[in-house]
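> I'd like to ask some things about the structure below.
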Amino acid sequence: MSSLSSTTFHADSTLGALFIGTLVSYALFGVATTQTYIYWKRFPKDSLGMKVLVAVVWCGELAHAVCVAASVYAMTITNFGHPERLEVLPKSFLASTFIGSLVSFVVQTFFAYRIYALSRSLLIPCVWWIPCICWVLSLFRFVPPNVILFAYGQQLAPQFLKRWGPLFDAIWSASAANDLLIAGTLVVLLYNQRNTGLKHTVAMVDKLIAWTIETGVVTSIASIIMLTVFISLPSTFVWLAIFVVIPRLFSNSLLASLNSRASLRVDNALEWEFSVPRTSTTMLVDRDAGASRQTNQSQQSLSQTNQSLRTRIDEHSVDIDGDTQRDLR
């Protein structure tokens, strides 16, 4: 960021961009709050670990929203008429950075654990190293930036970015790669369960794959866009506008993933109700009595398939405490 003065200050690309990003961030916070309420209403029987996870993420989002509001107030009201003061970010913004990165770290760690639990339940031991890579990348995104901001965050922006800019480029690139790795691995694991030959099972797995791609790719795209803007427009606050939105994307992706279980269960129940094939019904005639009786030979097999599908849905939504969700009624 170049040195700011009353003659070089452009409100549209600095405070204006940050203001728009803040509005989007608050809109997504409202979505996250609604999803949190839905989660507590629909899944009261979830384990304590899962409930704590959701509570921590939402409380982190609330604290992040408060810190962002304090930062915007300091920049636009407290420092009004002094654009040169924008070269030093408020302490409240540094606090929001820590909280936002903590939320992102928790969500990435959860999805990495989901890979581990799902691969373990499918007896695929060769995948264990992928969660390890994801956890390392998550730590790389969380620890170095906060240590640097704690030690040097009050430096003038031009000096800070000149010294630490390349490191932040690497951190955000690693974060985007981590999100893509998590989403890609989950898609591969789920796709391996697609070849069951049962239409409704394939449909359920396809939905899981689609939601995994949507929730995983959106955060990586946001990180890539922010990195691109940070490199091409370092003297603006456009990248900061995206920066305050990214934690909301992580929290909403987690909550959407958890709440999607209800929709999958409804679809699965409907499929079970209407999927009993007539062709599998066999007429057994009692020749001695001259009577006929009808036996549905597919009842047991379909029941087993239905239970298997329930298990897969639950395995895709593994609990943070290490056990697979089994009771999501």
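Cβ atoms here come from the backbone N, Cα and C positions, even for glycine.
What TrEMBL lists as transmembrane segment is 15-40, 52-73, 93-115, 122-143, 170-191, 211-231, 237-255. For 175-263, the entry in TrEMBL reads domain 'DUF6534'. Per TrEMBL, region 'Disordered' is recorded for 288-308. Per TrEMBL, compositional bias 'Low complexity' is recorded for 292-308.
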> Under 8 angstroms, Cβ to Cβ: which one of 15-40, 52-73, 93-115, 170-191, 237-255 has the largest number of such pairs with the transmembrane segment (211-231)?
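Answer, by Cβ pair count: 170-191.
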> Using a Cβ cut-off of under 8 Å, list the residues of the same chain at least 6 residues beyond the transmembrane segment (170-191) that approach it.
104, 108, 111-112, 114-115, 118-119, 122, 124, 127, 130, 133-134, 137-138, 140-141, 144-145, 205, 208-209, 212-213, 215-217, 219-221, 223-224, 226-227, 230, 316
> With Cβ-Cβ distances below 8 Å as the criterion, list the same-chain residues six or more beyond the ends of the transmembrane segment (237-255) that contact it, or say none.
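The answer is 13-15, 17-18, 20-22, 24-25, 28-29, 31-32, 35-36, 39, 53-54, 57-58, 60-61, 64, 68, 96-97, 99-101, 103-104, 107-108, 110-111, 215-216, 218-219, 222-223, 225-226, 229-230.
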> Please give the average pLDDT for the domain 'DUF6534' (175-263) in this predicted model.
84
> How do the residues of the domain 'DUF6534' (175-263) split into helix, strand and coil according to DSSP?
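So the counts come to 75 helix, 0 strand, 14 coil.
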